[in-house]
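Listed in TrEMBL:
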type: ACT_SITE; residues: HIS155; note: active site
type: ACT_SITE; residues: CYS197; note: active site, nucleophile
type: REGION; residues: 308-329; note: region 'Disordered'
type: SIGNAL; residues: 1-19; note: signal peptide
type: TRANSMEM; residues: 365-383; note: transmembrane segment
Amino acid sequence: MWVRGLIVLATLLSISVHASIQEAERFFSQSGHTNNWAVLVCTSRFWFNYRHVANTLSMYRTVKRLGIPDSNIILMLADDVSCNPRNKYPATVYNNAARLLDLYGDNVEVDYRGYEVTVENFIRMLTGRVSLSTPRSKRLLSDDRSNILVYMTGHGGDEFLKFQDAEEISAHDLADAFKQMWEKKRYNEILFMIDTCQANTMYSQFDSPNILATGSSKLGENSYSHHIDYDIGVAVIDSFTYYNLEFLENIDMTSNKTLQDLFDTYDPEKISSHPGIRSDLFKRPVDKVKVTDFFGNVQNVELTPFIENTDEDEEERPETTSNPIAKSMTLPNDTLIQSRYDAYEVKRTHGESWLAATLLTPSSLFGALITALLGYLIGAAVCA
């Protein structure tokens, strides 16, 4: 009897642990974010840097196609090549020699343009340290449940990126800005992507949690343009951005493709440089991170534990202890907000203890069965 009981107990424990581990893997593979933002930055001026503007506008078009609205996109263009007198096709920007798609079009919202694109404005925008007069379109209104894509392109070198060919942002500056963002709860996760010479050095100083980074070239290596439009007279896109777009053009908002799938397409022979990936600060497995977690809009909807009564003219409802929803209707808004915040903090704080709690909770089916069996075995031992 003892042997049979122990076998049953071991079997139940094994099933419980296996099921709980599967649930835990699903739990930690999810981002937990509720909104997506994109910060897209071209730091170069002058006509011969046409491709950097095209790089940025190509990314802008992609994230909009995948569902991120203009209200959640910060677009910074240091030069307006579409209106340059040397542009043979005025008011247009193309990224392919056949000129099949005008990236500029009539629905582009540029938030920072020309001399507004500075290191100071970029860092202030990231950290939220903007003046009260700054319009909403120039503000990154993210929170601790925001996933943010930060894409940058221009001319750079070992741990620096030029702005306007007049000033530089260093890897330390960028790392410090991201650290401030984390401390101020301005992001959940960040995907940092940069296309410039020696790009991988720009994320070498990062030390804040939940940042995944990729760049076009390693230390001491140049990044190269992909092709020239001889009618326009300049290169119209860079190789690293071109091959990223080649992958992104084949997905939609419902795609299950992961960032690992994207990174697996990086071919140094095609790109003419060695792209890099840094994932040691990122808590989720890269092969579990959907591309749309950063390049697309959030599709999931979360149910909140309370329903707010927003109708001020409605008669006050009596408090009913047996009906928690009705009771919540009578609570003031500040109480509801605080209770939601407390619930979120509990979830956030105890998320990593979820597996242990699942195994030990008496309300679970396996917990009940194991408790009953242990009671039976103890009773049998006492009777014997």
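Cβ atoms are placed via backbone N, Cα and C, with glycine included.
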Taking the Cα atoms as reference points, how far is the residue listed as 'active site' from the residue listed as 'active site, nucleophile' in Å? 6
Among all protein chains shown, how many Cβ atoms are found within 10 Å of the Cβ of CYS197 (active site, nucleophile), not counting that one? 19
